[in-house]
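J.: What Swiss-Prot lists as ribonucleoside 5'-triphosphate binding site is 23, 24, 63, 64, 65, 66, 248, 252, 253, 254, 255, and the listing cites similarity to another entry. Look at Swiss-Prot and you will find 73, 75 tagged as Mg(2+) binding site.
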């Protein structure tokens, strides 16, 4: 048994050093190329409208606010200033979303975003995005990369297609630090010793983002309050949970396997599903020793089996907001197909670790 585990870990490490590192290098190169174009577009936006200031800065070889959805798809979060005159209201009526309401006694004129405040005193995510979309469309025509970049049509999101190969979504957002949403108040679970109190404090201090984007849970329910709502996102908090042991390596293996074998019709699976399942695996295996290099095979296998279970149940709860289903809106046939493919992949890796050389 120990010999079989060691053999699997050996082949996973080989796969990581060859395939995962090559994937990382290729994506890093793409990110540099894509960010040059996005920065140029945002610079042009800022000239037209100084309230939209580019926050796409490179620090320690990574760009703040950039998320890799897949090797050809990215999201750039554009942090906006001055949320201060608004109260964050998160009553759970819109799963995964919250609203920003003008604080009592504050005048509209005190806000930097005065014309985007609704009659009821809410800062409208939709109105801000609509204005931003108009500015980006104008900037694309003026910027120095105008020959290689164009807007993606037929969406209220701000999406750029670059060199006909890459899609980048630019999402206006507010950063919320030092507060924690009520809809995530159950976390951490009291009976689970992971993460420890110090990491919990770090994660909560990191806070979350409020994004102006289409909320999939509200599809078909377009009342004005809902289209004015902001989507909760916990990217930095989630990144902190992946620190230590072989967690990041495990996630890198899962992303690479997804890119190569689970890029399927209907797009049932993305990197974020993998990241979510690593967090759940951490809860199931709370001891640091469970994430030792020697356990890499067990952890990967556990996550793949959990993924199959989620696909078969057609439900993958968000880690911090379990009322939010990450498979919402995905075609059932696509989820069934993904379950079969994941099962084949898991069986292949477990019964014949050497097969990783060809995967």
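The backbone N, Cα and C atoms fix where each Cβ goes, and this holds for glycine too.
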J.: Where residue 253 (ribonucleoside 5'-triphosphate binding site) and residue 73 (Mg(2+) binding site) are concerned, what is their Cα separation in Å, rounded?
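T.: Spelling it out, the Cα of residue 253 (ribonucleoside 5'-triphosphate binding site) and the Cα of residue 73 (Mg(2+) binding site) are 19 Å apart.
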J.: Rounded to a whole number, how many Å is the Cα of residue 255 (ribonucleoside 5'-triphosphate binding site) away from the Cα of residue 73 (Mg(2+) binding site)?
T.: 13
J.: Indicate whether residue 63 (ribonucleoside 5'-triphosphate binding site) is helix, strand or coil by DSSP.
T.: strand
J.: Could you list the residues of the same chain, at least six apart in sequence, whose Cβ is under 8 A from the Cβ of residue 63 (ribonucleoside 5'-triphosphate binding site)?
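T.: Set apart from residue 63 (ribonucleoside 5'-triphosphate binding site) by at least 6 residues yet with Cβ under 8 Å, we have 31, 35, 56, 57, 76.
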J.: Relative to the Cβ of residue 65 (ribonucleoside 5'-triphosphate binding site), which residues of the same chain, six or more apart in sequence, are found under 8 Å away?
T.: 55, 56, 76, 77, 78, 79, 173
J.: If you measure residue 75 (Mg(2+) binding site) to residue 23 (ribonucleoside 5'-triphosphate binding site) at Cα, how many Å is it?
T.: 18
J.: Expressed to the nearest Å, what is the distance separating residue 248 (ribonucleoside 5'-triphosphate binding site) and residue 73 (Mg(2+) binding site) at their Cα atoms?
T.: 20
J.: To the nearest whole angstrom, what is the C-alpha distance linking residue 23 (ribonucleoside 5'-triphosphate binding site) and residue 73 (Mg(2+) binding site)?
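T.: Spelling it out, the Cα of residue 23 (ribonucleoside 5'-triphosphate binding site) and the Cα of residue 73 (Mg(2+) binding site) are 14 Å apart.
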J.: By a 10 A CB contact count over all chains shown, which of the binding-site residues listed here is most packed: 73, 75?
T.: 75
J.: Please work out which residue of 23, 248, 255 has the most C-beta neighbours within 10 angstroms of its C-beta, and give that one of the binding-site residues.
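T.: Of the binding-site residues 23, 248, 255, the most buried by Cβ count within 10 Å is 255.
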J.: How many angstrom lie between the most widely spaced Cα atoms of the ribonucleoside 5'-triphosphate binders 23, 24, 63, 64, 65, 66, 248, 252, 253, 254, 255?
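T.: Roughly 23 Å, rounded to the nearest whole number.
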J.: On the three-state reduction of DSSP, what should I expect for residue 73 (Mg(2+) binding site)?
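T.: In three-state terms, residue 73 (Mg(2+) binding site) counts as strand.
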J.: Looking only at DSSP and grouping its letters into three states, which state does residue 253 (ribonucleoside 5'-triphosphate binding site) belong to?
T.: helix
